[in-house]
Each structure stands twice: as structure tokens, then as C-alpha cells.
Amino acid sequence: MEQFKDLQKSLYIWTDSGELDKRVQTIKEATGGEVAVENVHRLSFSSYANSSFDLIVIECAQLTDNYVKLLHMLKPSGKLHLIAYIGTPASLLQEIKLSGFINCGEDTAANTLTAEKPGYETGSAARLSFAKKAAGVNVWKISGDDEELIDEEDLLDEADKQKPDPSGLRVCSTTGKRKACKNCSCGLAEELESERTTSSANTENAKSSCGNCYLGDAFRCSTCPYLGMPAFKPGEKVQLANNLLKSDI
């Protein structure tokens, strides 16, 4: 029992009282601490607090229903030592492992079994991290001087920098002589018909006091008889509508 040195508190579970004092003295000398005793048949009625002992020594291992109780009675990393047992070591070690003990082993020379309580208290919880988070890029520390900006001039070819030919900017039906379609529905046919009617106006009896009537509405007086008509060449005959130069009343 030299492996149990410097343990403060131990529990000895006995079946034969004939060697009780001798066993207790041996445990005291090996551990150097206090030793409590308990009968194996009274163990189920005991009321020991959890994590009370550093070592529990059992003389007879007929405790199938009490291994879990012993696990609670031991402190974290506490030892369980069986010095006498009934049954095969393999079956006992399996029962002990299923009760929560670890590092279970057999000493065939001494005919003993030893197990250990995990280094944490029964029922303890710990947070598990199954994946490591990748370190994020600290964008605030990126210097703007390191950015390579594209020069807009490099995106233009020599052909893009040449000025276009005005003759190539003409759009069909918007320059030159206007002509309405056969089935015109945009109003161009009516507009051209109105211009033809207006351009044929007779200005033989009309006289201009300012001499600027032919230039267009921008140069005409408010009472000009040609107001609203398109510009015309000097001396060109322009026919006025019949309702012009007549009072509305």
C-alpha cells in the first residue's frame, strides 16, 4: 500500500472483525492520515457526505449495488482498493468501470484491484469546444495606402479618346427633311399638314411696322398678325387665317 502515501482521510470497509485493528493500523502507517471504519453490510445505511475520503479500502468486494455510492464518497482523484474479492477480476473491473471509475487495474501478485475516481466531481459540467474559430481579419488595421487603385485612363483605348465625326451622329428621321409614315400615329402627319397650310398663307395685304415679323415669334410684337406662325423669308407670301385681324367680340 505504499502507493497511498500522504492521504489525509481513508475509509476501511470490513467483514471480519478479527483483524480489524491490524488492518486499520496498516492503513494508517501507509497513508499517514485518519482512518474511518464501516461494516460492509451497513454501508447502504451510512450517510457519508460526498467527497469525504481520499482512499476507500474494501476487504470483500460484494458491492455490485454500492460502487456508485463509493464513487460519490471519494474525493476527485480518490483511490478505491480491493484487498479481497469474490469472483473473477475481469467481471469486477467491468462493474467498477461501469460505475464511473477510471484507471482500473489488477495486481496479480498481491491479489488486489485498484481504481481511481476521475479528477472532477460527479455531476460537474464543462463547456466543450468542438471547432476552433478562425481568427478574423482585423480590417480596421489595414492601411489604405496599400490598396492598388486602377487608373481610369488605362481603361480607355486610343479610339475612345478621339472625338466623333458629327456626320456620324445623325439619327434617322430626326435630321434633314421630316416625312411621316404611311400609318402615322405619333401626330407627325398632322403637324406636317398644319405647317403646309400655314406656310401657304397670303401676306399681300399684311404690313409689318417693325420689319422683324419674318424672324419668328421671338422677334414679333404681341399684336403681330404673324404670331404663332413659323418664320419665313423676307418677301415670301404668307396667307393669314380668315379669323385673324378680327375682333373676338
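Cβ atoms here come from the backbone N, Cα and C positions, even for glycine.
Averaged across the region 'N-terminal SAM-like domain' (1-130), pLDDT in this predicted model comes to 84. What Swiss-Prot records for 1-130 is region 'N-terminal SAM-like domain', and it gives sequence analysis as the kind of evidence.
Taken from Swiss-Prot, the feature region 'Linker' applies to 131-161, supported by sequence analysis.
According to Swiss-Prot, the region 'Fe-S binding site A' annotation covers 172-186.
Per Swiss-Prot, [2Fe-2S] cluster binding site is recorded for CYS172, CYS181, CYS184, CYS186. On its own chain, CYS186 ([2Fe-2S] cluster binding site) has no residue at least 6 apart in sequence with a Cβ closer than 8 Å to its own Cβ. DSSP assigns CYS186 ([2Fe-2S] cluster binding site) to coil in the three-state reduction, placing it in neither a helix nor a strand.
Sorting each residue of the region 'Fe-S binding site B' (210-224) by its DSSP state yields 6 helix, 0 strand, 9 coil. Under the heading region 'Fe-S binding site B', Swiss-Prot lists 210-224, citing sequence analysis as support.
Residues or ranges marked as [4Fe-4S] cluster binding site by Swiss-Prot on the basis of sequence analysis: CYS210, CYS213, CYS221, CYS224.
For 210-213, the entry in Swiss-Prot reads motif 'Cx2C motif 1'. Only residues 6 or more beyond the boundaries of the motif 'Cx2C motif 1' (210-213), in the same chain, are considered here, and those with a CB under 8 A from a CB of the stretch are 219-221, 224-226.
The motif 'Cx2C motif 2' annotation in Swiss-Prot covers 221-224.
Residue pair CYS184 ([2Fe-2S] cluster binding site) / CYS213 ([4Fe-4S] cluster binding site) shows a Cα separation of 33 Å. Residue counts for the region 'N-terminal SAM-like domain' (1-130) under DSSP (helix as H, G, I; strand as E, B; rest coil) come to 41 helix, 38 strand, 51 coil. Figure note: comparing Cβ neighbours within 10 Å for the binding-site residues CYS213, CYS221, the maximum is reached by CYS213.
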